[in-house]
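Student: Handing you this structure, nothing more for now.
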């Protein structure tokens, strides 16, 4: 399992560097997904199976879906035909494909290398994780959720385009301003 730890760690570092250096947000999201899956592989190789599963479900699943929706709302991905043709070029998808293939080899190696006597660690139940998470760390969990929500709202407002005739609010001051702009 030491081999799996080092390979997953290397993949996580390389994918994270690509997230930071990539200019296209859609490609950066793909590398971020690979990085999160590699980090879950690190957890699995260390014997923290529950933490690895949570990493996949929460981060690589739920939060990445949130990021994809934000990119779609901001229209950062672009849906032009020429850009979609560029995405099919090998230099775009070969990096994530190679890293994913290495992760597949590591996962198959880890599955085949499991001993028949079971897991050597003490299992941690979801109830114990929940009690710990929402006991002494409840403030941190709530602050993290508020931070994610604030980031989503800010990204929406920054990326939103103003359209002619769009009603932004129902306040009296805004409606009077809108009427003067329409007559001007």
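Backbone N, Cα and C define each Cβ position, glycine as well.
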Student: In Swiss-Prot, is residue 113 on the same membrane side as residue 89?
Tutor: no
Student: For the record in Swiss-Prot, which of the ranges 117-137, 138-158 is the transmembrane segment one?
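Tutor: Checking Swiss-Prot against the ranges 117-137, 138-158, the transmembrane segment one is 138-158.
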Student: Where among 1-21, 28-48, 54-74, 92-112 do we find the most Cβ pairs under 8 Å to the transmembrane segment (138-158)?
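Tutor: When the Cβ pairs under 8 Å are tallied, 54-74 comes out ahead.
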Student: Six or more residues out from either end of the transmembrane segment (54-74), which same-chain residues have a Cβ under 8 Å from its Cβ atoms?
Tutor: 25-26, 29, 32-33, 36-37, 39-40, 43, 129, 148, 152, 155-156, 158-159
Student: When the topological domain 'Periplasmic' (49-53) is classified with DSSP, how many of its residues are helical, how many are strand and how many are coil?
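Tutor: When I sort the residues of the topological domain 'Periplasmic' (49-53) into the three classes, I find 5 helix, 0 strand, 0 coil.
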